[in-house]
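S.K.: Take a look at this one; I'll ask things after.
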Amino acid sequence: MCAGFYVAVHPWLETQSLHKVGHTGNLAARLHDGSYTTCFTDEWRYCFTLETPTKKDAQKIEAGVLYCAQFFRVKNKELLCLLPEKIKQLAEDVANCLNISYTLCDAPTYEMNDSTIVVEPSSPSDPLISKEKLRHLVITPVEDEDRFADDVLFFSTGETRTTIEDRLYQREAANMGYQELQRSGRAILQMACRCGKTRVAYLILSNYLQGKVLYLVPGLSLLRQTLEKLYLYGISLKNVMLVGSDQTRIVLNHDTIEMTTNPVIIVKRIQEASSLLVIATYQSSTLLVDDFDLIISDECHRICGEWETRPFTHVLLNFKKGHRLFLTATPRYDTPLSMKNRELFGGVAFRYYLREGIEAGYVNDFELQMVAAPKLAHQLSNREETTKQIIVKQIIMALAYLKTNVRSPKMLVFTRDIKQAKELYAELVDLGVYALIAHSTLPRQVILKTFTEFCSSKEPVILLNCRLFQEGVEVPELNAVFFAAPRHSPRDIIQSICRPLNKQVQKPHATIFLPLEVNTENVCLDKFSSIIPFADALASEDPRFYEHLLNPSEVAYPINWIGAHGSVAELLQLARHAIRYGTQGKIDRLTRSERLPWKAAFAELKRTVEICCRYPKINDGFHFGGATLRFDTWYKWVIKSYLQYKNNEPSSLEPYQVLDLESLQDWTTRGVGGPYPWEESMAFLETWLAQNKGELVAIDIHQGGWIGLDATPMERLSGVLTTVSQRDGRSYGKNRKLRPKKGFMIPPQQAKDLDRIFGKHNLKWRKDRDNGFLKEDEHGNYTGEPTCIQEAYQTFKEYVKTNPEYIEKYWPGYAKGKHKHQELPHIWESGLAPPRYKAFKDGNKRLIQRSPKKKDVKN
């Protein structure tokens with residue numbers, strides 16, 4: 001007799017996607033027991049069994065499975081509303097967690113004879129098991145919806161199989177990813193959906209094929225498609241092993257290959273091979289051993305979640321060898337185990353925005369349509385019923401809009417949960433709308449049939465689902481998505497938006513529908529709160545949308561309103577205001593430095609360095625999206641974040657951004673240190689005084705030194721001493737405004753440097769004071785003895801007239817006026833310098849273009 005845990009199915013139960021779980025001391029006799037044959041026909045069969053050494057071990061597995069699948073259990077029955085594959089994976093995880101040895105048998109048959117029939121003694125239904133050990137294996141409804149999509153309907157969202165020629169950005173991504181792997185051992189490639197991450201992964205893993213490579217994917221369908229693409233790119237199946245639970249043979253041209261979950265075969269081949277490519281699902285990763293030179297984690301945001309060992313985190317948390325490459329379109333940062341963890345994930349080595357893919361022609365464009373609530377629907381008494389009816393009417397309005405632009409539109413509707421999907425489906429069908437529904441509690445065959453019907457329909461059709469089709473599913477003819485419930489996760493939002501964006505010849509732009517409860521002219525900003533997370537997520541992927549929010553009059557964006565009862569223009573303005581300033585309407589959320597689109601801001605920084613031959617000044621402005629921004633604020637944030645990154649501290653910058661900065665001329669010296677580096681200037685001052693018998697000679701402290709990258713040491717010293725002279729007499733510290741004209745507004749260490757250097761030559765550099773305050777007349781003019789810095793400036797003014805050779809040597813180009821404007825003359829004349837940022841007393845902020853015709857004067 002053979003004891004074991006089993007999952008059995010009967011045709012009557014299978015129609016409802018129900019499966020019987022249990023344990024027995026005699027697998028050969030169990031399905032012939034009276035409890036099975038009395039109420040059912042004799043059509044029982046095993047889906048699979050886990051043969052165990054003892055019946056008690058099998059009982060523990062059953063108890064563990066029922067505990068972990070409690071949300072999918074029929075009350076007081078050993079029936080689970082889960083796919084057999086899910087129960088199998090769960091049972092194996094439970095057995096491994098409880099250290100129970102087992103033999104997995106798929107669809108087994110056992111010989112039955114008279115001696116097999118044994119009456120089994122009853123046993124406690126709930127044996128002692130450590131639920132704390134199994135807590136991380138508990139399946140929640142949301143998690144199961146995700147995993148179901150992984151294994152059943154995970155379709156490719158990358159390039160088509162005929163696209164083999166590398167795109168420019170793919171080569172760039174591969175180069176930057178490989179460089180970061182060599183530098184730190186970890187790299188993230190964040191690339192928009194449908195932009196060919198698999199091709200980039202192939203270009204990188206080609207450098208590791210002499211060793212062992214592991215390619216992890218979140219589902220069996222994606223495993224097969226990844227294999228097909230890599231085979232198309234030139235990978236030989238000779239050195240490929242597939243680790244997954246699908247026993248179907250895969251045929252590629254004349255080559256064939258099969259998956260395996262046999263741990264003996266897997267471990268032996270990995271350990272004995274000198275070169276090997278293993279493609280495995282995350283769910284099967286516990287069968288692998290830590291012996292890889294490169295590990296690629298596709299759709300790596302799925303790894304994130306609770307900080308605990310589970311199939312998706314097994315390799316990340318337990319494997320120590322090899323480089324790690326992570327691929328995703330939507331990083332996840334809102335979980336305990338998140339991609340902010342640089343030690344585990346590294347940083348983003350390459351970033352490719354959704355808008356870039358659209359403009360390059362690889363991704364279909366889209367429009368936003370906000371759908372207003374029906375005018376009188378809010379007057380009903382039942383709030384829950386009202387919301388349901390509002391959404392139904394908004395869905396019908398959206399479908400009607402699509403019919404005017406598309407011949408046979410197809411629209412995905414994402415609901416809050418399965419309950420809402422069922423309710424909306426019933427309402428729509430009653431109203432005669434052609435609607436379909438799919439969710440994880442339906443049998444697999446029903447879901448596939450529904451999906452096929454949706455894809456092949458020649459009539460306008462709606463498909464309601466919760467999360468089943470949110471990620472990875474490709475419907476070539478899909479025209480629109482409708483959010484029937486607010487989404488707060490940027491990952492969920494972007495993945496859902498990308499569903500209809502696959503590029504096809506003559507396919508019209510897609511439509512994203514956002515329903516809002518705005519039904520009167522007295523609109524409250526709180527009504528727009530549901531779209532703020534959506535707008536934040538989209539703005540991070542689409543710089544054009546970000547620019548539009550800053551100034552819609554200058555940057556157009558395809559956004560409109562359906563069913564508005566008031567002025568559409570006013571409603572859109574209110575929506576933009578709520579997105580930018582929040583529902584309280586107070587703080588500008590968009591102009592924070594970290595939210596400024598990197599590529600646009602860095603392009604302006606690079607232009608300033610390369611064309612103007614300098615780094616930004618305090619009063620430089622930036623014109624972006626029609627908004628007036630102070631560029632120096634962003635620039636200071638960049639420097640701070642860069643220093644944090646280099647000091648291995650938490651930083652807002654990613655590796656690709658650091659590489660951008662370090663590609664600029666003199667970034668680590670002039671970019672970070674500024675045009676007037678203190679230590680460098682003090683060293684020059686000390687040498688100068690020693691060589692010139694303690695005489696400062698001539699220094700310009702009126703305009704300060706030239707700030708260009710080609711500035712001479714004397715020009716940089718002029719800038720430093722200009723600052724010293726201006727700050728003498730001002731307080732240092734947070735309360736300096738309360739102590740005017742007293743103290744010194746410079747760090748104490750720098751004051752010590754000046755005392756030491758000037759003190760060697762008995763030079764006075766501080767201004768005179770009376771009881772701690774500067775000596776001044778009633779008009780504020782300094783009346784004390786001049787300092788050596790002031791005396792050097794008087795000499796400088798004389799030299800400008802009498803000693804042009806000296807001026808040209810230490811201040812080259814001074815006579816041409818570059819000192820006055822701190823710009824190269826030809827840059828000034830052509831108007832290529834950054835505009836000046838100025839905030840006026842009336843609250844307005846303007847950019848004043850620097851040019852000879854418009855002098856830089858107060859307005």
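Numbering starts at 1 and runs along the chain as displayed.
The backbone N, Cα and C atoms fix where each Cβ goes, glycine too.
Copying in the features that Swiss-Prot gives for the protein in this structure:
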- 178-349: domain 'Helicase ATP-binding' (DOMAIN)
- Met191, Ala192, Cys193, Arg194, Cys195, Gly196, Lys197, Thr198: ATP binding site (BINDING)
- 298-301: motif 'DEAH box' (MOTIF)
- 394-553: domain 'Helicase C-terminal' (DOMAIN)
S.K.: What is the average pLDDT across the motif 'DEAH box' (298-301)?
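M.R.: 93, rounded to a whole number.
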S.K.: In three-state terms from DSSP, label Thr198 (ATP binding site) for me.
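M.R.: It is helical.
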S.K.: Counting each residue once, how many in the motif 'DEAH box' (298-301) are helix, strand and coil under DSSP?
M.R.: 2 helix, 0 strand, 2 coil
S.K.: Report, as a single number, how many Cβ atoms besides its own are within 10 Å of the Cβ of Cys193 (ATP binding site).
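M.R.: So the number of other Cβ atoms within 10 Å of Cys193 (ATP binding site) is 24.
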S.K.: Quick one: what's DSSP say for Cys193 (ATP binding site), helix, strand or coil?
M.R.: coil
